[in-house]
């Protein structure tokens with residue numbers, strides 16, 4: 001062995017490197033919403049990189065109305081035991097206790113999600129206190145950098161969940177990328193002023209400008225319902241894809257799941273995409289974003 | 001003329017490997033051009049190859065469906081270097097203990113997936129690794145990491161162990177690590193796998209000016 005000795009005492013858990021590193025391992029992959037272990041198995045067999053365990057898919061939450069909360073920890077545990085890929089869980093925005101419970105049952109990442117009913121109108125969870133990494137939604141650069149400042153290890157778009165309409169995910173991704181391009185052309189003092197304007201920490205604004213991208217992994221989420229939708233979000237430079245109701249709301253979930261995984265890998269190859277998209281059966285029905293009343297929209301929760 | 005470095009890019013932390021290869025090449029005064037591999041037909045052009053971290057079930061599935069798997073076997077059979085990290089190591093092993101992973105059998109070891117636990121158990125720690133450029137421990141990042149269970153007939157040489165379990169091995173032109181050398185700025189593992197790999201065949205191109 002080497003001249004130096006490995007000291008087991010020097011181990012550190014829950015560092016930024018370990019949390020952000022976990023998120024990086026998901027890149028180029030598809031994370032699928034599942035509500036039970038049978039769905040989790042279908043997702044893993046189709047090539048999902050992780051599953052998001054929740055009580056009901058967003059389309060059903062939307063239909064049902066009422067308060068949407070964290071899933072039953074027993075159901076989350078069943079999913080954790082069923083699959084070998086990472087399991088994520090959703091907590092309400094600002095609900096530190098739901099997040100701690102999810103961490104205690106062993107979820108690998110927590111989604112502090114606007115799909116559930118927010119528990120706190122003013123504050124998000126202080127995510128730096130956790131060993132588990134967090135993913136948070138963002139519609140624009142200011143929101144994204146505020147969440148990263150709070151400790152988020154991954155950002156996702158806040159497309160209108162449960163609609164099957166990709167329109168808002170595209171809008172958020174374009175808004176974030178457009179803001180970063182604008183930043184890249186700015187002088188130091190202009191970036192400082194911009195940071196104040198978007199209510200984001202200046203240090204993160206400079207870091208983003210220098211990297212030419214968000215400092216953490218950036219996924220697409222909300223309204224992705226077909227292989228072509230997943231490919232479109234990869235075309236818009238997302239690092240990977242969350243699919244919610246689009247898989248288990250489709251006529252043939254295993255085939256839809258597999259097709260979305262393949263489309264995410266082959267996003268820039270139209271001929272392969274055409275093959276992948278054939279004979280998938282009906283996709284989820286969905287609701288066009290433009291038809292939703294303002295109060296029906298989830299994306300404005302937790303800014 | 002520069003070396004062609006391929007990074008398997010069907011899923012996982014591809015850019016990080018690309019950047020680490022570039023840093024290692026610079027430290028060894030070599031010039032590389034990195035190509036991402038999401039399709040068959042690119043591996044045969046590559047002088048060296050990296051298989052990144054990610055999810056082994058996903059990577060394995062896509063390597064086979066895209067026809068990349070046999071090309072990687074040919075690459076190693078030709079004595080060209082391969083660095084396989086975390087999920088890459090699982091896929092490169094001869095036994096991943098999971099039907100959903102179709103192993104490439106490039107390193108004669110069996111691995112245990114998630115051997116150190118779930119993400120809450122993931123960790124970083126300085127690790128003593130044999131054969132590195134200097135004797136400083138390597139800043140190793142273990143993320144839901146596998147461990148090597150059995151080194152079989154001893155064809156694979158153990159380079160590092162954590163708590164008695166092998167976490168870095170070398171067999172012929174292949175180096176496999178359970179941790180993620182691509183996540184830290186220290187490029188010594190990439191250097192070892194590609195430019196100081198005594199058993200690998202890397203063309204001696206003229207040094208960069």
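Glycine is no exception: its Cβ is also placed from the backbone N, Cα and C atoms.
Annotated features in TrEMBL:
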- B:86: active site, nucleophile (ACT_SITE)
- B:180: active site, charge relay system (ACT_SITE)
- B:182: active site, charge relay system (ACT_SITE)
- B:54, B:55, B:56, B:113, B:143, B:144: L-glutamine binding site (BINDING)
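Locations of recorded TrEMBL features on the structure.
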residue	record	contacts (Cβ under 8 Å, 6+ apart)
B:54	L-glutamine binding site	B:11, B:12, B:13, B:86, B:87, B:88
B:55	L-glutamine binding site	B:11, B:12, B:87
B:56	L-glutamine binding site	B:87, B:90, B:91, B:96, B:98, B:101, B:113
B:143	L-glutamine binding site	B:53, B:86, B:119, B:122, B:180
B:144	L-glutamine binding site	B:114, B:116, B:117, B:118, B:119, B:122
B:182	active site, charge relay system	B:13, B:16, B:17, B:19, B:20, B:50, B:52, B:53, B:85, B:190
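Of all the Cβ atoms in the protein chains shown, 20 others lie within 10 Å of the Cβ of residue B:113 (L-glutamine binding site). In this view, the densest Cβ surroundings among the active-site residues B:86, B:180 belong to B:86, judged by other Cβ atoms lying within 10 Å. Contact annotation for chain A: of the listed recorded positions (B:54, B:113, B:182), B:54, B:113 place their CB atoms under 8 A from a CB atom of that chain. According to DSSP, residue B:56 (L-glutamine binding site) is assigned to a helical segment. The secondary structure of residue B:144 (L-glutamine binding site), as reduced to three states from DSSP, is coil rather than helix or strand.
Largest Cα-to-Cα span within the L-glutamine-binding set B:54, B:55, B:56, B:113, B:143, B:144: 13 Å.
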